[in-house]
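Chemist: Quick one: structure below, then a few questions.
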């Protein structure tokens, strides 16, 4: 007799066998589900407080996705040998899970909810993000917490004209698309993707395909709920105080309508704050007022005003129609000593973007569960509080900044040159200096221009545009290049980035159900129109990549040596390569296949380092004349160094055409002579001749007191061969 009441559901999902179970582990949580997809095992748990905190004004949902190194059979690095702060990858997956879950909690539900997902076992070929999202959704579904789920999710690839369901990492390597879609049985809620310049039709088809395929997971979750679900919470939203709403509306609606005729963001924000203060003051004359309730009512009035204006065909907040992109200004090369820079301004959104070139040593080393790998392209997004005219914390990046940076990176990856064509590592940093919507897409545009300014041979210009949607029954309006307020008050925000040939990144967040395939089709077509307009502005500002790198960027040269020679270049304990680096001022990297990359801002230093490495690794050629010092005198000849680490024997009989009695009569240690390589045996022993070199080049050698002097009639310049 077991103490556990387990419920297990198994199903085939594409090429994967999936198992969901609950009732054995984490029984004190509100809900816990373990999902196993071909040995990638994750545990999703949820706990919610039974009541909201007094004065709570927002829904406090937190989602934490945590990877445990034991899942991959590893012990963590570092002094403490335990997991530390979440990695960038963990943060991104936490956001990925949060986005489709958040809209499904009912309005007015302000209880704290915490979703925690642990990765317990990892199959390196099966990514853990989709299992994690399924586990979180299932845990919420069985918990009884008010939640309009369950949510399903699917990864979609695209290869050879066919969509792939939940491709493995091996399959992803040849896929032109990496798209994750999440939603309910009825509607899509979230899309995140990276694509290789695919058409709008292919992208929309992938979204629809993914939504169809996720129904298998949703049905399995519903079956699990039927068998093991907890009773639904007895929760209802607090009834609305209609008389109070009417009172606030009477005070605020007219001045708010007036405020939304102000086109400039700063002036409009000041006016809205002023109206809020005035309304609060008038209400407080009649007694105590719940500030949270008043702010909620004011938000609803603002949403009604803005949405109705747009749906009625009136101008938007800043005076534009639904299809117009804000004015764009672009300036390249704005910073004198950076490798590449661009200032991209679109209306009241501005990004100062800087590109920096580095060597292989500058690549980011990522120690992921599935194994360590290196990333040669980094994109970092920063938005300080002054960008919106506010004060606030400045420090390490927040989740939003990490997410925006990854979106911009996804948009630019498809146009980057290969490492073979451009050996540099690249870091792009977007500093948002002004923000009124669409700052991540401004970062895409600025990032592309900054790389072009740095001389990175990108395959095409990439532009991004943020779109919005207002939906009311059968009426809808798609908005191009949305403002911050339009994002806040709208029903969908989606960002599309790409080239003139197709989409490279698509991110979509939908706050309501009822958005159809036809609406998404209209939205994507309008986004393409906006993207092409922005691309034309970018091409006007910078038509092609700079042909010359910045004077402050490192120059690089790559060449091959025989892998067997690597240890000679490195030297004992790294002594040789360290000396080379110090003496030439160059950065030198050697790969296991013998590829040597030298980087330096000095052309002379780079040339010297290359020559010295070639000297160290050079093979002696029979018949070639070399110049080198006499390193040791012997009774029967002398040892002469002709290449780094390579000494040859100059026999006494090969010193002169005349009979030589004593070697020291003709040669001295340290004396530089020119000798011809006569032969090299299998053991690498070299036989040299001074008289043969003299015969080829002209000249004589005569005995001197203490040392010999070479008399060359027209001795060739040092380093030349016959």
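Every residue, even glycine, has its Cβ placed from backbone N, Cα and C.
What you are looking at is a predicted structure, and each value in this text was computed from that prediction instead of being measured.
Here Swiss-Prot flags 487, 493 as Mg(2+) binding site. Under the heading domain 'KH', Swiss-Prot lists 554-613. According to Swiss-Prot, the feature domain 'S1 motif' maps to 623-691, an assignment based on sequence analysis.
I'd like to know what surrounds each of these features in this structure.
Modeler: The number of other Cβ atoms within 10 Å of the Cβ belonging to residue 487 (Mg(2+) binding site), over all protein chains shown, comes to 18.
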Chemist: Which residues in the same chain, at least 6 apart in sequence, have a Cβ under 8 Å from the Cβ of residue 493 (Mg(2+) binding site)?
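Modeler: Counting only residues 6 or more apart in sequence, the Cβ neighbours of residue 493 (Mg(2+) binding site) under 8 Å are 466, 467, 468, 469, 482, 487, 508, 509.
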Chemist: Determine how many residues of the domain 'KH' (554-613) DSSP places in helix, in strand and in coil.
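Modeler: The breakdown for the domain 'KH' (554-613) reads 32 helix, 16 strand, 12 coil.
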Chemist: Could you tell me how many residues in the domain 'S1 motif' (623-691) are helical, how many are strand and how many are coil under DSSP?
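Modeler: Helix/strand/coil tally for the domain 'S1 motif' (623-691): 8 helix, 36 strand, 25 coil.
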Chemist: Give the mean pLDDT for the domain 'KH' (554-613) on the 0 to 100 scale.
Modeler: 89
